[in-house]
Ligand code: SF4
């Protein structure tokens, strides 16, 4: 009986690992994230996402048709109680080259951010700035961050709800000063898979709340909303992610993305290519269309 359970667990683990490898590999290829000769600086926070990213990248490195270097980097931000031995021990045992950058950003955020306000925004900006500079120092050609599909979708809704912008978090990004390329190899992977993988692998997780700050509460609200939707309509999260990859500027309203001003009719080509459109559909069909929209609950 015990053997059977072990076999089942192993099979489940192999399936999960294969899926994460396949999705990460696809994202890398789709966005040309890693090229031959790249030196990839993998940013490790000690959380489940970055451990998983490092693990999957190292396993892809062994079989990839291109050759690239992986260097792990962690930033010790001097939060009280940060267990500084955990990552060096883990990385040394793995045999992966690594650096630990020590910067007391904790004191800075405590000094600047008023008591009771969340410190995560400033903390992450300071961390990012330091990591970008360090990538230059060590000659890294790519900076890999552990954000996954669900982070990307949450960011989309946060920007929509609170920023009035239709923007998410790209799988590949050129930094504002154009000196660094940031990649997110886990862009296609779900948080659920990553959490499960991290648990099965038993990564030595370091919590990111040692400073006593809480993650953006609104992000948690959006996260809960998505979890709720997914429960009610399985597959919705993946559909939203597909939408992020399938944008139709002419069906939005951004004057910078689509030239609505210069829209012109072209009757000749319309006659040749008369594929009937919804507006000219007879009334009965319009009603059907409205019902269809109701069923999909997409209005
Ligand atoms: S929880 Fe603390 S260490 Fe983590 S991002 Fe927020 S402020 Fe920084």
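Numbering starts at 1 and runs along the chain as it is shown here.
Glycine is no exception: its Cβ is also placed from the backbone N, Cα and C atoms.
From the options 45-50, 51-56, 57-62, 63-68, the stretch TrEMBL describes as motif 'PP-loop motif' is 45-50.
The Cβ of residue 120 ([4Fe-4S] cluster binding site) has 18 neighbouring Cβ atoms from other residues within 10 Å, across all protein chains displayed. Within its own chain, residue 211 ([4Fe-4S] cluster binding site) has 79, 80, 106, 109, 110, 119, 123 as residues 6 or more apart in sequence whose C-beta sits under 8 angstroms from its own. Residue 211 ([4Fe-4S] cluster binding site) falls within neither a helix nor a strand when secondary structure is assigned with DSSP, and so counts as coil. Around the Cβ of residue 123 ([4Fe-4S] cluster binding site), the number of neighbouring Cβ atoms within 10 Å comes to 21.
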